[in-house]
Amino acid sequence: MDTVSIRVPYRNLKKEVEVEMIGVDEQQHHRIHLNDSSSNSSSSSSQIPNSDSSPIAVRSKTTRHYSLMTLILSCTVAAGVQFGWALQLSLLTPYIQASPYSFVTLGIEHAFSSFIWLCGPITGLVVQPCVGIWSDKCTSKFGRRRPFILAGSLMISVAVIIIGFSADIGSILGDTKEHCSTFKGTRTRAAFIFVIGFWMLDLANNTVQGPARALLADFSGPDQRNSANAVFCSWMAVGNILGFSAGASGSWNRWFPFLMSRACCEACGNLKAAFLVAVVFLTLCTLVTLYFADEVPLAKNQPLHFSDSAPLLDDPQQIGGELSKSKSDGPVFSNTNGNNINRSIEQNVNPKHANSIEDQNESLGDGPGAVLVNLLTSLRHLPPGMHSVLAVMALTWLSWFPFFLFDTDWMGREVYHGNPKGNSDEVRLFDQGVREGAFGLLLNSVVLGISSFLIEPMCQRLGPRLVWGLSNFIVFASMAVTAIISLISVGKYSGGIEHVIGGNAAIRIAALIVFALLGFPLAITYSVPFSVTAELTADSGGGQGLAIGVLNLAIVIPQMIISLGAGPWDALFGGGNIPAFVLASVCALAAGVIAILKLPDLSNSNFKSSGFHFG
């Protein structure tokens, strides 16, 4: 006999009601017992309140209770993944432009470096939701999430090894045999191998992230959600801090000198060693997660009403159909008032998805094509206010992604006046700037972690609309200051004042302050939009998942635009990073204005942070 516990959150109850569905026989009726978690009374005496206005949120859930320590140990993989992601953010854009004196002599032009990052938003758009659905339906004896976490971690390990050894592999495949300290050309084969590893790394990151979050959601009960979000965010902060510290070190090649070769000089050996350390750290974190995350395997005949990790892709008409089927089978309800709960369920579910019946033929299954089609068709059924949220979110990410792409490169070029293709002094300055930028990202992560504890009280006091709008104004000011710092620094450099020693101390300190301050609005960007979406769609049943899926479109599409256009946009104005940051500042200003004027007012007292959504 299979037992599935589902939650029915009624707004007029202080605590959730759990509905336990016990499968008696495939051909017989189903029986539903209602157990109020706030009462120890038997199911026969449970009271069912009138819930005409209450949304029904159904999700599969094991009946086991997990301790806080189990939750902590079960999501350590988040730290391992974020460690590699931090290295990717801090080092890989400079890496692909490197000169003979720098990382791996790939020599890709700055104008085209942003194209390399295009895979991230593409995989975020398609791969992560697909993996979420596939993990929901996985019936492996090892559980639903762990097989995907293991596979993704192995892919990450292979990808970073390919990236680290791309210069050596390129040399074996026919690139120049000249020593890396003297060769100044582009290593085409090494660049091709690097791009393969880079795209594979983005694919693997998205493979792990969804199941890792879903695993924590599976293990956390209603009273553990805030703690679970805090645990997951804490591990990601740990990974960020360690990863950016590793990127800022620059001494790994001294500890692992055997990693250097004719194709890979000191800085290349440093990055290669840092990524090998990332592999070891990820392996340890993954093993801890796999050991302590004792999942209950999903029975092959166990139905799923809503997707745990990717609810946006569940077919609303299927949900309604299952409920209707339950009614036609004549289920028995324990209810002292004698009310038919199925009638109440239909009153809440069917009207919310009336328009979904029109799209019955648009459900194409669980493939990547179906993911995109379902997301796009859901644009017609968004709750009121969501269009403003999408507009602000898109502009917000148009302002953030140039910073993510070029932050350390900006430190190396505009602040330290380095050049990855210049003479030895200019290359040395560029490398120093990159490491200083990684240190700035470390400060950014620390501020982000501290700010995460302030978001909920701020939103309860000021309202999420105002908080989100103010965060965009901070980004606007910070990006504008970044452009001003660049102009001042470049002006002094052009005047011959700071040719060899790099930017002066005041400019470097100002740049680090900007890096650190951006951690505060970044924490808001990672949390508030998702909480606002959850609040706006709370009464729309399955539409909440659909709306969050569409919100993901407002993240990845701007990333694609920046990946395709940032490099050529900079080249149009003579190169460098200033044009991209100016454009980011304008987008942030527009996002702040629209947020203040157009976002709906939400209840301050009911605001709850939904946790961070990285990568």
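Numbers run from 1 along the shown chain.
Cβ coordinates are placed from backbone N, Cα and C, and glycine is handled just like the others.
Note that this is a predicted model, so its numbers are computed, not measured.
TrEMBL assigns the feature transmembrane segment to residues 437-455, out of the candidate ranges 361-379, 437-455.
Counting Cβ pairs closer than 8 Å to the transmembrane segment (467-489), the top stretch among 229-253, 437-455, 578-599 is 578-599. Stretch with the largest number of CB pairs closer than 8 A to the transmembrane segment (509-534), among 273-293, 388-406, 437-455, 578-599: 437-455. No contact links the transmembrane segment (147-170) to the transmembrane segment (388-406), because fewer than 3 Cβ pairs that are 6 or more residues apart lie under 8 A. Listed stretches 229-253, 273-293, 388-406, 437-455 were compared with the transmembrane segment (68-91); the greatest number of C-beta pairs under 8 angstroms is found for 229-253. With respect to Cβ pairs under 8 Å, the transmembrane segment (229-253) is most closely packed against 437-455, considering the stretches 273-293, 388-406, 437-455.
Counting only same-chain residues 6+ beyond the ends of the transmembrane segment (388-406), those with a CB under 8 A from a CB of the stretch are 89, 93, 113-114, 117, 382, 468, 472, 475-476, 479, 482, 518, 522, 525, 529, 532-533, 536, 550-551, 553-555, 557-559, 561-563, 566, 577, 580-581, 583-585, 587-588, 590-591, 594-595, 598-600.
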